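So TrEMBL lists the following for this protein:
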type: DOMAIN; residues: 42-108; note: domain 'HMA'
type: DOMAIN; residues: 120-186; note: domain 'HMA'
type: DOMAIN; residues: 195-261; note: domain 'HMA'
type: TRANSMEM; residues: 286-307; note: transmembrane segment
type: TRANSMEM; residues: 327-345; note: transmembrane segment
type: TRANSMEM; residues: 357-376; note: transmembrane segment
type: TRANSMEM; residues: 396-413; note: transmembrane segment
type: TRANSMEM; residues: 552-571; note: transmembrane segment
type: TRANSMEM; residues: 591-611; note: transmembrane segment
type: TRANSMEM; residues: 911-931; note: transmembrane segment
type: TRANSMEM; residues: 937-960; note: transmembrane segment
Amino acid sequence: MAAKLLSWACIRNKNGNLTPRSHYPSMPKYPKGVNVSFDEESKVLFSVIGMTCAACAGSVEKAVKRLPGIKEAVVDVLNNRAQVMFYPAFVNEETIRETIEDVGFQATMIKEEINEKSTQVCRIRIKEMSCTSCSTTVESSLQAMHGVIKAQVALATEEAEVQYDPKILSYNQILEAIEDAGFEAILISAGEDRSKIQLQVHGIRTENSMRIIGNSLQALPGVQDIDFDLDFQKFTISYKPDLTGPRTFIKIIESTGSGQLKAIIFPEGGGREAHRQEEIKRYYRSFLWSLFFTIPVFLISMVLVYIPGIKHGLDIKIVNMLSMGEMLRWILSTPVQFIIGRRFYTGSYNALLHGSANMDVLIALGTNAAYFYSVYSVLTAATSQSFKSTDFFETSSMLISFILLGKYLEVLAKGKMSEAIEKLMDLAPETATLLSLDNEGNLINEEEIDSRLIQKNDIIKIIPGEKVACDGFVVWGQSFANESMITGESRPVAKRKGDMVIGGTVNENGVLHIKATRVGSESALSQIVRLVESAQMAKAPVQKFADRISKFFVPLVIILSFSTWLAWFLAGKLHGYPKSWIPTSMDSFQLALQFGISVMVIACPCALGLATPTAVMVGTGVGASQGVLIKGGQALESTHKVNCIVFDKTGTLTVGKPVVVNTRLLKNMVLREFYELVAAAEVNSEHPLAKAVVEYAKKFREDEENPVWPEALDFESITGHGVKAVVRNKEVLVGNKGLMLAQNINIPLDAEEILTETEGLAQTGVLVSIDRELVGILAISDPLKPGAREVISILKSMKVKSLLVTGDNWGTANSIAKEVGIESVIAEAKPENKAEKVKELQAEGNVVAMVGDGINDSPALVAADVGMAIGAGTDIAIEAADIVLMKSNLEDVITAIDLSRKTFFRIRLNYLWALGYNILGIPIAAGALFPSTGFRLPPWIAGAAMAASSVSVVCCSLLLKNYKRPKKLDTLEIRGITVE
């Protein structure tokens, strides 16, 4: 209650109104008569030689962004590339190149890569895949296409992800290839460009009208592509969100129609959940219809023949020896075989057409053998006056019914596996409150809009208890946000002016006005959903085992089935077993046929195919709900083998917010003047320690909100050591002991003692030299993260060895390591040294995980078997990492390892069950127990067992949804840390 009163007091204006009129600073205006066009935009890519760490990349980025007309600059230190978006009216490529070289790096423009990416990725939903053989057939067909770079087909999600060259083929050709393979294909998304919207226009009647509207939209800056469909009155528009947005399109459409047209977002009907529900309903209907015919067949065959009055009616002969009961069974089982069971015929036909055999082939062969033998038997009875018919109509119809029941239960269970994605997608609110402002930032109007209509730079109002509609930053107000649904962080996070907010999180107690920065598919929420979807598509290496088996599984089962029939048939003809073994209602041929059919229908390739993907799908979904984003099966499989973890120090073991705690001057000097020189040199550096120094220096300039520091000439960032610059005609060096020694700066004995004392307190000593004389030492402290010691201790108990690799000095590194309980330490390591250490550990036979912040540690994250980027927050698209830990909590490292171990335990259990079932089930179905026990497995029971095996594998994987992180983590004493 006190918190609410406080927040209300903070936002209450003089009149006591809780939603005061907002005011924002106006945007800078160009002088009258000056017309500046921002429509023309260019992109250039440079190769930048000489960058070694994030500080280098930061200095290049900062220098380029200072140029006029720069829209965006991104520097990739790993690949030595810099990509710059700019307006040619203000700046050109040569000026940008010269600016990069002025910073101290060699820059060369890459002309051939300036254009958009040469590859695109499309996602496709594939219907009617029944087993691993189906997914392998589709994948092989796609891989064989000229222009396809990579294709992944996931049986569990029934989706394909295809990377292809758009210059060689289109996604329509990919869809055709899948349909030629015998499966229905539906496009989910095409190309890398995900900024796309579908609008429905009411009131439009002719194709010419649609073409006029299309031309008007195409003329807008930022519109890339337009498709229209007159039947659905639908426009599909691809656009650049930086330049335009959906509200602009609606405005143009409605103004074109003179008020007669009404445009709305096209109602979505085809999401993953909608498709899953449709599939569930389809199987449910098929099963009910099958049951409608099968129950009478079962009653006539198994029950009614034992009731005297009814038995007499069923035994009435219609034609020769053909009885009423046989005729009824034939009539009732035919729709089940050919109408309800048609999907098995089409599936097996398409599989055989492409030279493969799947589960549909086994079902079709098994049911056809039972049905057509029964038809032969019935027709023979109808044409003979002595032949007594024995039919298996109940076998074929009951077999199909049980298989459909199994498929229905399987689809029902598989639907629960994608709940993690559905929950994430449901986080986005349906509506948002848009604020309209005048040129001076005064509030004019507010209106409720569909959240999908939000455009970049919109001002959105968020009231207490409401979900944040998009990513952005706070421009007015203060509150607390519950971000647990995105990051897993349970404690509310304070939000005030300038703080970033994440779409899908909940505003708790104050009114916030936010400026939209990332909307729609660019938002953190959309990125997380895409990451989880991609993870569920990616195959684990262990899946190759099932893929190899599936290639010969079905042909082998067909051979075994035929061999079983032949062996029992020949044994019967040659009197290899007593006649007493043959049931009274059968002969030796019919007994052999039942054994053969049972072998064919009990074998289940589905269970093998679903063993890995279902567990990976549930595991990655559970991980996402815990704030641990695992990038696919490969990452999961590697993580469960990890026995050695390399930790970075700053931002990983420590909070990552270093602060200056002590200043020791070795020469008489005014402290303000000292910090002005130091801050002027450090302000150009991106290093966390440099930022801490500059932040501390601001305390001596409290009269200025954003102090301007003296100009630093000849600035040079020396990787792993510090910075060098000329400030006010004085040469200033700020860095570690190594920098001073390299520059031949004398370090007095008392300075050495201060350094030793500082490092003994787990603090970092930063030395300052002015005009080649050491004048001061700064002590910088970065507190340990809560629970760091306990996490290292738990890892030891899990038989995982921990190492600390840091660019900091040996003294500080050893103190931190001792405090947390790490025995192996490597200090003063450059980014490339970290990667080398990882490779050394791998050469010793270790499976190595690297835990870092994803920036300076990128080379090591790539080199490690598993790269874990910690504290990524909203920047989840870290290419280098295999696992992204969205909270900055170290205990999530343990959660990731434990979850991967539990997931792979499930995979092993699934394989054990699937293989064990087939290894035991096939001999029993073949009659291995019949000679000694008289036990025989009827085909319809064999079919039920086959259906149950797939369902059991899916359900076993679904048990992972109950995953709880190790109890040891719940008992951790988390100590709060406050950084001033």
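Note: Cβ is positioned from N, Cα and C throughout, glycine not excepted.
Automatic prediction, not curation, is the source of TrEMBL annotations.
Just so it is clear, the model here is predicted, and its values are computed rather than measured.
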Can the transmembrane segment (911-931) be said to touch the transmembrane segment (357-376) if we require at least 3 CB pairs below 8 Å and skip pairs under 6 apart in sequence?
no
Can we call the transmembrane segment (327-345) and the transmembrane segment (396-413) in contact, meaning three or more C-beta pairs below 8 angstroms at a sequence separation of 6+?
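Judged by the Cβ rule, the two regions touch, with the required three close pairs present.
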Any chance you could find the range in 286-307, 357-376, 396-413, 552-571 with the most Cβ pairs under 8 Å to the transmembrane segment (937-960)?
396-413
When you scan the chain for residues with a C-beta under 8 Å from the transmembrane segment (357-376), skipping those not six or more beyond its ends, what do you find?
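Contacts of the transmembrane segment (357-376) (Cβ under 8 Å, skipping residues fewer than 6 from its ends): 130-131, 133-134, 137, 329-330, 333, 337, 341, 343-348, 351, 391-393, 395-396, 399-400, 403, 554-555, 557-558, 561, 590, 593, 596-597, 600-601, 603-606, 939, 943.
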In this predicted model, what is the average pLDDT of the domain 'HMA' (42-108)?
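Its mean pLDDT is 80.
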Going by DSSP, how much of the domain 'HMA' (42-108) is helix, how much is strand and how much is coil, in residues?
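Across the domain 'HMA' (42-108), DSSP assigns the residues as follows: 23 helix, 24 strand, 20 coil.
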Using DSSP, tally how many residues of the domain 'HMA' (195-261) sit in helix, strand and coil.
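DSSP classes over the domain 'HMA' (195-261) add up to 23 helix, 20 strand, 24 coil.
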Just to be sure I understand, if DSSP states are collapsed into helix, strand and coil, how many residues of the domain 'HMA' (120-186) fall in each?
22 helix, 24 strand, 21 coil
